[in-house]
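Enquirer: Quick one: this structure, given as structure tokens, is what I'll be asking you about.
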Amino acid sequence: MITSFSYSLSTIQKVLNQNVSFESSENPFVRTIATSSMECKTGSLFVPLKDKRDGHEFIPDAISRGASFFLCEKNHPILRTLSEKDKAKAILVSHTLEALGKLARFHRNRFFPLVIAVTGSSGKTSTKDLLGNLFQFLPKSEVVITEKNYNNEIGVPFTLFRINEKTRVVICEMGMNHRGEIERLSRIATPQIALITNVGSAHIEYLKKPEEIALEKADISLGLSDGGVLFVPENVEFRKIIEKKLKAEKRKLVFWKQSQSSRLKILETKKSGFLLSYLGNKVEWKLPGTTLLSNVRGMIEVAEYLKLETSHILKAISSFKAPDKRLNLRKGYFTLIDDTYNANPESMLSSVDASVQIAKGKELVWILGTMKELGKFSSHYHRKVGEFLWEHPEGILVTYGKDAREIVKARKAGVSFDEGEEENLIRWVQDRIPKGSVILCKGSRSMKMENLVKSLSEFKA
């Protein structure tokens, strides 16, 4: 990642409480900040991060490409390999990822936009985009919205670095896979408004207990600015835990209703979505599945809190488009529902619900891949999906991956394929499923379910 970051060396030193050995009477400026050495150029500040490889290994490459300075963890062995001239470009810190967060928080706090933070076990991206739609009346240059999946301890800082003097609104998505991550992200972004879409089982492998997931999500309140407010659905899992936490913190908590209300009603259910009524105004919502309507209700609650005009709310709903690989329809020999971006138990059930609405009388097939990061709970949650499908005998079940076999076992019907048997699965579908059938493909990111979608979408009898 790389983005604009125009600060003097002395300012960066002050933010990070570090000194730099730089023999010059000038105060040089950094122009960009980058985490990839390949993107570095003259004026760049390179931030090496540790992942599968240690980013410090690429410091020489960053320098060769023109990086003016680089962050480096104290006493890192790479320092012994650098020339004195190159060492002089080092800004020594205890932890480069934490330093990145400090720089992002400093940058964000120089400006005064409305910051809305969104987290949840599922539905984060669609809700973030919905909230972004609310502000279509503003010039694009005045609104910053999280791009792609930049919702972690690297992505959130880079979202905040996009803020400038013109920015009026920031919609910031926050994800996590370990305890403490949401609090850190929230404290960096210091939102005035935060929203939790739901509390589910995503990443339970790392947080061990469902209650810990609820607490982690609720930690988004810890970074709220003074007078900030947290919005949560009324039927959220572990509601009492969240209420107790917010009460102890003396934070404002607002629950939104998920059932039919006088404000938002379903007038008609269609294959492609719903005809809704908001305060008596008819509006089309172009996505199937009742679960997703909870996100619409959450967006409305925030919009009304901000006293936005009804016309802006209606436009946000009517103009919404599903993000890539999330309930995208591909029509050909089969009608494919590409929902391959990722999967957890809650989003899996939501997608199945949507697929039933889309199929509406046509042959329906579910190709479901293993859901990862469930740890010791994997069998339990896969079986829960199978039990849900047992209530929908109209669909044909095909699973992909070892753990996904539990879905078939619980439903007591279906066929299973292991990882590596992709071609056999595709051939099975092509040989047995009739033309015009609706096929949902969904599984965790690592299952690469998009490969199945590509092969089946290209099929011609």
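Cβ coordinates are placed from backbone N, Cα and C, and glycine is handled just like the others.
What TrEMBL records for this protein is below:
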BINDING   G120, S121, S122, G123, K124, T125, S126  ATP binding site
DOMAIN    33-107  domain 'Mur ligase N-terminal catalytic'
DOMAIN    118-297  domain 'Mur ligase central'
DOMAIN    326-445  domain 'Mur ligase C-terminal'
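Thinking about packing and proximity, how do these listed features fit into the structure?
Expert: Following the DSSP three-state reduction, the secondary structure of K124 (ATP binding site) is helix.
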Enquirer: Tell me the Cβ neighbour count for K124 (ATP binding site), meaning other Cβ atoms within 10 Å of its Cβ, over all protein chains shown.
Expert: 23
Enquirer: Take the mean position of the Cβ atoms of G120, S121, S122, G123, K124, T125, S126, the recorded ATP site. Which other residues of that chain put their Cβ within 8 Å of it?
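Expert: What remains near the Cβ centre is V118, T127, T197, N198, N295, S347.
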Enquirer: Within 10 Å of the Cβ of S126 (ATP binding site), how many other Cβ atoms are there?
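Expert: Excluding its own Cβ, the number within 10 Å is 22.
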Enquirer: Over the span of the domain 'Mur ligase N-terminal catalytic' (33-107), count residues by DSSP class, listing helix, strand and coil in order.
Expert: 34 helix, 16 strand, 25 coil
Enquirer: Select one residue from G120, G123: among these binding-site residues, choose the one with the most other Cβ atoms within 10 Å of its Cβ.
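Expert: Comparing the binding-site residues G120, G123, the most crowded Cβ belongs to G120.
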Enquirer: Counting only residues 6+ apart in the same chain, whose Cβ is under 8 Å from the Cβ of S121 (ATP binding site)?
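Expert: Those within reach of S121 (ATP binding site), by Cβ under 8 Å and sequence separation of 6 or more, are T197, N198, V199, G200, S201, A202, H203, I213, K217, N344, E346.
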Enquirer: Among all protein chains shown, how many Cβ atoms are found within 10 Å of the Cβ of T125 (ATP binding site), not counting that one?
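Expert: Cβ-Cβ neighbours of T125 (ATP binding site) within 10 Å number 24.
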